[in-house]
Amino acid sequence: MLIPRNFPITLRLTLYFSLAMGLVLYSVTGLLYSTMRNQLGQKDIDELRSTLRFQQEIATTISERPGAEGSLAAGAIRVHRSSGTAVAYVLSARTVRSGRSRKICTYRSRIFRPRPVSFHYSEWKYSRHDVSEKYLIVSTEFILKDNQPWRVQAALNVSKNNEIIEDYWQRMQIVAALAVVLFSALGYWLARRGLLPLRTMSREIEHIHAGELHTRLSTQRWPSELNVLSASFDGMMTRLEASFTQLTRFSSDIAHELRGPINNLISAASVTQSKARSAEEYRDTLAAIVEEGERLSRMISSMLFLARADNSREPLHLEHLTSATEFARQINLYDVLAEEKNITLISEGEVDFYADPIHLQRALSNLLSNALRHTPSGGKIVLRRRAGKWSDCAQRRR
């Protein structure tokens with residue numbers, strides 16, 4: 001049975017439980033019904049067999065006396081007066097009715113026509129006016145001492161038994177249906193009870209916000225099925241807390257780094273506006289503003305590069321590069337600034353490799369820019385590349 005994936009787990013478990021209990025109950029009901037029906041049917045057949053056997057014994061005993069046919073008829077009548085449900089014909093070799101029970105007078109004689117097979121059982125339904133009954137009929141033949149064949153045919157009214165069986169079947173169906181409803185309600189309660197830890201876990205997660213990233217679910221006891229989920233969630237929260245802490249620290253660093261250039265820009269503009277200045281002073285102020293703007297631009301480019309590197313979503317375009325060529329390009333860019341600070345730039349090592357040229361140039365530019373910023377005047381900056389793992393690309397020397 002296909003159940004949608006978004007179907008509630010509680011109802012899903014209740015449905016499975018109800019189907020299982022319904023299958024068990026109706027299987028047991030069908031088994032009990034079949035057993036009862038077979039037992040009652042066998043009881044009816046045994047009763048007819050006993051009746052025929054008893055008639056045969058009486059006929060054999062009475063046939064040895066004078067006036068056997070009349071005596072046989074009288075014996076048959078006496079026997080079947082004591083029977084409340086079975087009726088019988090006793091037929092002679094000339095198909096003459098030698099005896100019958102009193103109960104048979106109200107039924108048609110055609111149901112007792114001779115049958116060629118000994119102990120042949122069959123069912124017959126009798127309907128007349130408002131009377132509708134069902135009979136189990138049987139016949140047998142036997143030979144008396146005068147070598148004359150005789151036949152006894154009997155019928156048993158099984159209408160009451162059928163009514164009992166049908167009434168039992170209907171009652172069992174009603175009981176089974178009520179039991180399925182009861183067990184469905186019980187299954188729903190058990191399912192909700194079983195999923196209580198999951199709802200508790202959901203409530204715990206709902207209370208987690210940015211200020212409580214240290215919350216962990218593994219501090220509580222959970223069922224074994226939820227331990228894996230709890231451990232996975234705690235691992236996610238650990239990574240999230242570390243990322244959030246790093247982001248907070250990064251935001252603080254950005255604010256600190258941006259505050260200096262912005263304050264310098266504001267100060268330069270404020271000083272320039274305070275009074276009239278000469279053209280040379282205006283040029284110096286604009287140069288300072290441009291310098292701080294370039295500094296801000298480099299900082300923003302660096303932050304953008306780091307964000308893209310951490311995100312790892314931008315595709316890389318690998319090309320064949322040479323370390324000497326890339327180092328020379330960066331040295332040419334920063335050569336003027338290095339001369340102003342009296343810093344020597346040196347390139348060592350030549351290795352071929354594959355990399356994204358744009359990302360590599362940004363990384364080398366940031367590395368060299370930081371090295372120039374922190375290297376004292378008269379120092380040296382060495383760009384070195386060795387085969388194998390990356391070593392220090394920029395090394396400052398006093």
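Heads up, the Cβ atoms here are built off N, Cα and C, so glycines get one too.
The feature transmembrane segment is assigned by TrEMBL to 15-33, 174-191. The domain 'HAMP' annotation in TrEMBL covers 192-245. Under the heading domain 'Histidine kinase', TrEMBL lists 253-384.
In the predicted model, the domain 'HAMP' (192-245) shows an average pLDDT of 82. Here the transmembrane segment (15-33) has Cβ contacts under 8 Å with residues 1, 3, 165, 168-169, 172-173, 175-176, 179-180, 183-184, 187, 190-191 of the same chain, all six or more residues outside its ends. Taken residue by residue, the domain 'HAMP' (192-245) breaks down under DSSP into 42 helix, 0 strand, 12 coil.
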